[in-house]
Amino acid sequence: MTMPSATIRAFGELSDATPVEKVTLKNRHHIEVDVISLGGIITRILTPDADGQSDNIVYGLETLADYEQDGAYLGALVGRYANRISGGKFSLDGVDYALATNNGSNHLHGGEQGFNKKVWQMTPFATQNSAGVILKLVSPDGDQGYPGELSVEVTYTLTDDNTLDMQFVATTNKPTIVNLTQHSYFNLAGTGSVLDHELQLNSQFITPVDNNIIPCAELMAVADTPFDFTTPKTIGRDIDTQHEQLLLGSGYDHNYVLKTEASPALAEAACVYEPTSGRVLKVLTDAPGIQFYTANFLAAETSGTGQEHHRRGAFCLEPQCFPDTPNRADFPSATLLPGEQYSTRIVYAFGVR
Ligand code: BGC
């Protein structure tokens, strides 16, 4: 069996001639993960199906030019604040801040030049039983309107236990807000719709949204609604139900509550099973919430690799703080102070059944 490996090579140049690299991680069990230094984007994840046949199970694009233009955050490392901030406004210690509004009147996923559009410094590594890459970025004070210089370090580790273990840490020199996540679009069959994938989501509540897709006052219990995935069901079973929340999101595009107080405990948030390939994906995290998004806003297109992207042809499970937390004293905090360390962890566990 071949040892885990992490290889780095040139991937291309951005339109302003900035060079971008690509790292390929391989483990002993034929799992391969490609990561580029633009946006810490995961461009490909190859995993074997139940018969040992490998397929790419995430949406990717062929060229850097495609990634520079991408507005769907395909595979991206999202920050400084994943998800929406109402009106792009928040205040901290009595100071009002205005962020770029790039989603109607809201700030979404860190703004127009969010972390997905920055070039990160990548350092690959390999051990006896893992292969990984450390990604580093310093986001200057005022970047996209956020206060404080933020130093971010993200480590993606592909293990021989068939997990992609992602650790996110950050420090700041002024009080600020942070909420980092990973925005991979999965299709465990490699192609087609995800409506027949079976999902279990270990959450009893969502943060229901208003018509700006911003959480409204109360949590909503999922019991007896199309949002209940506490026992496995197909993603498509109830997706077209005439439920107000599904109409607002054009499908599932909601934050599921995992915990109501921040804690470092890692737990299984979701398990997805795709019956034709037999592939299973589990998502573990210590984050308080997880956005379940069924790619409702994705337009049908064929990527340069020939892979077809469709509306509802992929799903995202994005561990995160709740949307609009900086404006919500009742949500687990997203504030980071100088001297503290922000830390969160996301694990994708790959398998077959
Ligand atoms: C959001 C969607 C958004 C998508 C792509 C998801 O995390 O919940 O509303 O369209 O990202 O930007």
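Every residue gets a Cβ built from N, Cα and C, even glycine.
Please treat TrEMBL annotations as automatic predictions, because they have not gone through curation.
Taking Cβ-Cβ distances under 8 Å and a sequence gap of 6 or more within the same chain, the neighbours of His183 (active site, proton donor) are Tyr73, Leu74, Gly75, Ala76, Leu77, Val78, Ala82, His109, Asn116, Cys316, Glu318. According to TrEMBL, the feature active site, proton donor maps to His183.
Feature annotation from TrEMBL assigns active site, proton acceptor to Glu318. In the three-state DSSP classification, Glu318 (active site, proton acceptor) falls within a strand.
The beta-D-galactose binding site annotation in TrEMBL covers Asn83, Arg84, His183, Ser184, Tyr185, Asp253. Under DSSP, Tyr185 (beta-D-galactose binding site) is assigned to coil, being neither helix nor strand in the three-state scheme. Taking the Cβ of Tyr185 (beta-D-galactose binding site) as reference, residues of its chain lying under 8 Å away and at least six apart in sequence are, in sequence order, Val58, Tyr59, Ala72, Leu74, Gly75, Ala295, Leu298, Ala314, Phe315, Cys316.
Listed in sequence order, the binding-site residues among Arg84, Tyr185, Asp253 whose CB lies under 6 angstroms from an atom of ligand 1 come out as Asp253. In sequence order, Ile213, Gln291, Phe292, Tyr293, Thr294, Asn296, Phe297 are the residues near Asp253 (beta-D-galactose binding site), counting only same-chain partners six or more apart with C-beta under 8 A.
For Arg84 (beta-D-galactose binding site), the same-chain residues that are 6 or more apart in sequence and have a Cβ closer than 8 Å to its Cβ are Asn103, Asn106, His107, Leu108, Asn212, Ile213, Ile214, Pro323, Asp324.
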